[in-house]
């Protein structure tokens, strides 16, 4: 659900919204006492609607009449109330305008209603609230600052909260934050110590305590606050940081938690990172608007010429207005309606396409945009990848095990534990280095290191047969799930389980493994050195309870581990090989320690941790004293599985001339790995990893280094990007746009939107953003075309997007087939509607000029309405079913899409060609009718109008490239309607004359002269200069 939560009373209009907001201030929030608030806070309401009940009609009408096109017709219709300007019946102007507005209002109302229903669903989610009367149920929209809310496992956090209590024994909980920051790693969160120690959750209401919090801000990675309990002696003060927060849009991954609400509504971190959705206007609509302005210019010129040829006689200014009204057909009112109905048809066709099931069109106003995308900006996690890690490779230097040879690893492990009922004790490090161990022993050491060196906790849940306590006591396999902050680690532990060494238990101080024989191996955790983005490694020191041995295990990225392990000649080469396969590589090493070595280390480590100045530096120095000459055990390769057909889809997009940028909140190494794996970066391309820069000088040097590279993919982090955009925005964007592919990692949601905005401004090209999480909403709403992928991350992105798909691979067909067809059909339709109007206007101009420049209409009443409705509407509109190539051909040759990027289907050149055709045909029909009529004026009307209708029907047939049965029905239906209506049109047409042979041959000759030359020209053009698509269809 799109994260635009707004304060409902303050959203009547943009200015009120600004006026209603006070400057955000820090706040004191009393636990369980929302009534003690010191300021007014926004309601916790989600609202994706563009209008409310009162602003709907004014808003829709304003959005329609702000276009020159529609405003012109409104003024035209209003002018008919002035008697001197009236040219015919009022209905000839007001009925078409009313129809246009009715179609628009109904479409907007339907979209608003859909939004309202979706918003209501989210606002009505039920949560439990702790009160003095016990636990009560409360809707998400009724949650207030200060409320104590209970959130269950797998439930979405409804507001920004401070974490007070958890049901987990280890006193912590895991959060899934992919909706907020795009990272798949689960985050560990800690409750406030004072509240976690209380006997029950209801005691939270018995204590006098409050949270002092900073003012609401955009930073999702930091928080500053304090917790104070006043009724204890002495008063308890605890500092609060990001570790104690539960931000809205995250999901609780373990246990049940209680939190106090700090921020709601528009003050939520997730909302402040989301831009307001804008009404998107398609480039195609802007181009059509531009053409109508040209037509209006032509209309004014023709009117002035007519009056000038009368030598500005009499009340010439009134004559100008009458001519403006007379030639008003030059700008077709039916154009807007035809295009809007066309968009509805395209949306229906997309939804009905069985090759892309589940695709939803949420914004039916911009399907043509899909046919002209130059830049595709995609999220990584859950969009390109499945967010499922699979262990692929174990490399021991002399031998490597892939998925097909894991049974060998299993047999090695089994042989080690069957030879001895307990794991083999190594006689001492000196012996271990001298004697070349057997292969089984080496495999076992590697697997044991992987099974121990991690931050994974096995958790047991009841499965209906076994309850939780019993499952935990017997280490029941079917009830166990692994929890960790990184899916990579879970994949490694699941793999060790598959080969026989299972992680069955873990707490703060010990780890339990189970051998293939079912024996439990106990290890005491002496120290843990967690993974950080700076160190790029994690370590653990454990003591084997059965032998008393102390071992230091470490795993990390190859760039840092290469300097830590003993010299070897294979590490660098094999890491490169595995990385090229798109695997995420970890290097695993170990070091055996004597009791004295460990005691010495511990004393120095504790001392370093107590120091006040340069604490982190001193701690790092002590740890580094251990990280020397470690024994290299193995390399592990884990793959984040790509979604199906991601590679061919990206290749299709690349061949179609679309540049793909990957914007992700994930780590640099992971992003680079996925880019290679998905072939976003081809095997032959170099990758330039932009160094971390913090100031102008560094950015200048790094940009110069990057400028010297050619045909090179760029990988840059969010922090470096911010510095570059601050000082060298123009230069950076110029270089980045030349790259075949760009990867931005550690990107904040607002940064993603900023990149989209810069691409639009700098290149003037159309952008398409694809994402699946809440952190992608800003980017999706900023792009010219937003596509949401419905996946594991929920529906937030797909509900905020213009188009929603179920898999990334569907994007190829959405753009190559539906985007291309929508654009080409709308281009043909718009030009044909303009042609239809210019024809009749040319005839009017010829007629007026022959009859002494009189401002008298050639056709009146029903003839003029019928011409653009029942007589020609269906055949002309049937062009929305036309296609130049089959969808299979469009998918096979994405180069066809590249042609559209130049905007050739609707350009000034094609527009001019259609104008010339219209002038030619209108002149031929009118002059032909004037030459061939006999005595009465009514015969001119009969001959010219019939020829005009037949010409239009034949021109539709000339324009169509692939016939559909509905097109034939439309042609025959229109012709039948015209013939049938002649009986009722005796006011305008001589019924007896049209039954004569004279009438028939005259109409036939005029129609042939107006259409035949165009058929000949079309044939010659296709014969000697065929378009690219015709080569594929022949």
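Including glycine, each Cβ sits where the backbone N, Cα and C put it.
Taking TrEMBL as the reference, the stretch among 859-881, 882-904 described by the feature transmembrane segment is residues 859-881. For the recorded positions 379, 772, 776, counting C-beta atoms within 10 A of each C-beta gives the highest total at 776.
The recorded positions shown are 379, 772, 776; of these, the one with its CA atom nearest the CA of residue 531 (ATP binding site) is 379. Other Cβ atoms within 10 Å of the Cβ of residue 584 (ATP binding site) number 23 in total over all chains. When the Cα atoms are compared, residue 381 (ATP binding site) and residue 776 (Mg(2+) binding site) turn out to be 11 Å apart. Among the recorded positions listed here, namely 379, 584, 665, 746, 379 has its C-alpha nearest to that of residue 776 (Mg(2+) binding site). Within 10 Å of the Cα of residue 772 (Mg(2+) binding site), not one of the binding-site residues from the list 584, 665, 746 places its own Cα. Per-residue pLDDT, averaged along the domain 'P-type ATPase C-terminal' (799-1026), amounts to 87 for this model. For residue 531 (ATP binding site), the number of other Cβ atoms no farther than 10 Å from its own Cβ, over all displayed protein chains, is 20.
For residue 379 (active site, 4-aspartylphosphate intermediate), the nearest neighbour among the binding-site residues 584, 665, 746, judged by Cα separation, is 665.
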